[in-house]
């Protein structure tokens, strides 16, 4: 099994909140795709609550598109990490990490301004696979925590994992 890019960084020294350009690739037609690690919580120390993460997923996807999409840049997908410490965002185009951080900050402010559960997009049994598993209160707490801490830029080289030095193997 190949070692995935996300497992080549040392999670013990990764700061959060932070934006990390996790991967870039070219499509067969030459379009650039960037995958960003949007780390909300310091790995292995804290994680986002399940219901709040789900609500954030519904809100964050739209707000990030509002703030980041432009000519030559379009978000493909934003998905929560299984570890609940962040989201992965795939983008056509090459926004800078600072542009992503600015859009993320603006999105957190937008989320705080959502005042009612009824304002959460696609919150119904037809469009959501777990429509009862939401918490706007928890989403607000997550957004407030990000804004309070500030969003940094994470450099891949500074957190590169030396598998050999840590006694780890590639599987």
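Glycine is no exception: its Cβ is also placed from the backbone N, Cα and C atoms.
Remember, it's a predicted structure, so these values are computed and weren't measured experimentally.
Residues or ranges marked as Fe cation binding site by Swiss-Prot on the basis of sequence analysis: 54, 58, 128.
Its Cβ placed at the centre, residue 58 (Fe cation binding site) has 20 other Cβ atoms within 10 Å. Under 8 Å, Cβ to Cβ, and six or more positions away along its own chain, residue 128 (Fe cation binding site) finds 58, 122. All protein chains included, residue 54 (Fe cation binding site) registers 23 other Cβ atoms within 10 Å of its own Cβ. Annotated Fe cation site 54, 58, 128; additional same-chain residues within 8 Å of its Cβ mean position, judged by their own Cβ, are 55, 57, 120, 122, 123, 130, 131, 133, 134.
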